[in-house]
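Quick look at what TrEMBL lists:
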TRANSMEM  B:6-25  transmembrane segment
DOMAIN    B:9-81  domain 'Glycine transporter'
TRANSMEM  B:32-49  transmembrane segment
TRANSMEM  B:61-79  transmembrane segment
TRANSMEM  B:91-112  transmembrane segment
DOMAIN    B:94-164  domain 'Glycine transporter'
TRANSMEM  B:118-139  transmembrane segment
TRANSMEM  B:151-171  transmembrane segment
TRANSMEM  B:177-196  transmembrane segment
Amino acid sequence: MSILVIHYFFFVAITVEAMTAALSAGRRSMDWFGVAMLGSITALGGGSIRDVLLGHYPLTWVAHPHYLFITCGAALATIPLARFMPHLRRLFLLLDAIGLAVFTVIGCNVALEMGQPVIVVIVAGMITGCLGGVLRDILCNEIPLLFRSELYASVSIVTGGLYLGGLQAGLPHDPVMLGAMAVGLTLRLLALRYGWNMPKFVYAGDLHARDGK
Amino acid sequence: MSILVIHYFFFVAITVEAMTAALSAGRRSMDWFGVAMLGSITALGGGSIRDVLLGHYPLTWVAHPHYLFITCGAALATIPLARFMPHLRRLFLLLDAIGLAVFTVIGCNVALEMGQPVIVVIVAGMITGCLGGVLRDILCNEIPLLFRSELYASVSIVTGGLYLGGLQAGLPHDPVMLGAMAVGLTLRLLALRYGWNMPKFVYAGDLHARDGK
Amino acid sequence: MSILVIHYFFFVAITVEAMTAALSAGRRSMDWFGVAMLGSITALGGGSIRDVLLGHYPLTWVAHPHYLFITCGAALATIPLARFMPHLRRLFLLLDAIGLAVFTVIGCNVALEMGQPVIVVIVAGMITGCLGGVLRDILCNEIPLLFRSELYASVSIVTGGLYLGGLQAGLPHDPVMLGAMAVGLTLRLLALRYGWNMPKFVYAGDLHARDGK
């Protein structure tokens, strides 16, 4: 069951990631090609970085190239739909939060099947869930929001930790997976609702700037 | 025949890529090391990203390290020659357009020899032809021109598509390769001559900025 | 002997790299997660890029995930300690210079054990020693200091060249390694003391900006 559900969720996730990235491209006045490319890189980049770092070949979009049609299509479809986006904000935030949980679980699964140690499994989930957005921000010449924003990565770590912990406790896979995703989703939505943030570190010194490093 | 020709074209291509990247470095007042490194990353980065994403080892410059002498040498030679560059602008644009076609065909070939599906072959050609410039722009702290500029990536996709289509139609390799390169080169030069651009997507909303993603 | 020493030096190196990166994160007002992530990426990113480019799996932090605790811990510990940093500037610059030499030798060793050619060995050392800082600067939305600053990369190349040259001359490993590191360390400290810099290349032309590449 769950595998099929995850599969559907995955398509929802890459579609939403590509569409939100398309809006970023629009804010930078990119051309249609840039929109399609930024959407695809954002939607599939996190999983690609995970696979490259773990040496897990072939990459998802190489094994299933039609995913590129989904991400390019979703990004380009955003252009005419952009005017309606603000009205769909809550829906997109919900789908995006679901996508974060889905990407995290998928990333953990890849590392688990490779027999990676616990920490690497959690990190693999976080990379899959979060780094696509970091690539998007780098390509838009912005400091990654991930490093300064709501509990996005923390949600991914909690989701991955609960998922892995449940499996290691010998609990059945599907309830553990859905439970971990539900907790992560709830935490993310609460963070958005109440504007929860990690405390910030503000430093005005210049050790670094002067040491030429 | 063609292999040898491609080989010579490849040296022209990495030389031109390294020299134009050196000018970017000069606009950012980088030091001589930065010039050599930015030139090498720009000239060899597209192929390196392709090989890493496809798991195609060893990378070109690892198998042929002397290529690094060519790219570093070309980038450093640009420093004394910079004053003449504006007068050579048309020549450089021509050589750069040839380089785009050459990189694209080489990238497609790598994916073809790995038995990759059609879409991946086209994408591999585009990555090889275009992503070196994206790395250059990221390192120069600019939004990649590729996402906002002339039909650079489109030219690569057309070239790769014609090359692959011709081969799949059972046509002989050399005419197909040279024909695809000729069409791509012509399209690129026409785009430069008439300032053809992809339509842009301009969006001023803030869904994205507010959802912390 | 030396292997153990290098091992200890490595922990010092990743700790110092993570702490200096944490200060960069603080200057960008990143949250605690961003501080830990930027510190880890900076400390372990150079070696990760080296391993990915050479196809050398598993990556260091995948094989030894507890390194992530060191880098995250060092980065987070920097938050309360930041106020003392300016007073420790000389110590940090010394430790950072040692780290550069250590990373370089470790990177050269990885390529040597893979049987890579001479140039690739030197480049692998430089990538290991320098690219972590480039990733840090990209994520902080700055032009990499490496391309504009003190003889940081040059020191890495000299260290790697002496190390490799000594080994190829048949000299015993430990004295060669320690000697190369001592020369590199001295050169780096002299460059800092006297503000040595590579000459810069300044170019105001626009060939590049206009050619859409």
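In case you wondered, yes, glycine gets a Cβ from its N, Cα and C as well.
All annotation found in TrEMBL is predicted automatically rather than curated by experts.
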Taken over the domain 'Glycine transporter' (B:94-164), the model's mean pLDDT: 91
Distal contacts, the transmembrane segment (B:6-25) - CB-CB under 8 A, six or more residues away: 34-35, 38-44, 67, 70-72, 74-79, 81-82, 85, 92, 95-96, 98-100, 102-103, 105-106, 132-133, 136-137, 140, 177
Within the domain 'Glycine transporter' (B:94-164), residues counted as helix, strand or coil by DSSP: 58 helix, 0 strand, 13 coil
The domain 'Glycine transporter' (B:9-81) - residue tally per DSSP class, helix then strand then coil: 61 helix, 1 strand, 11 coil
Within-chain partners of the transmembrane segment (B:177-196) [C-beta distance under 8 Å, separation at least 6 from its ends]: 2, 6, 93-94, 97-98, 100-102, 104-105, 150-152, 154-156, 158-160, 162-163, 166
In contact by Cβ distance (the transmembrane segment (B:61-79), the transmembrane segment (B:91-112); 3 or more pairs under 8 Å): no
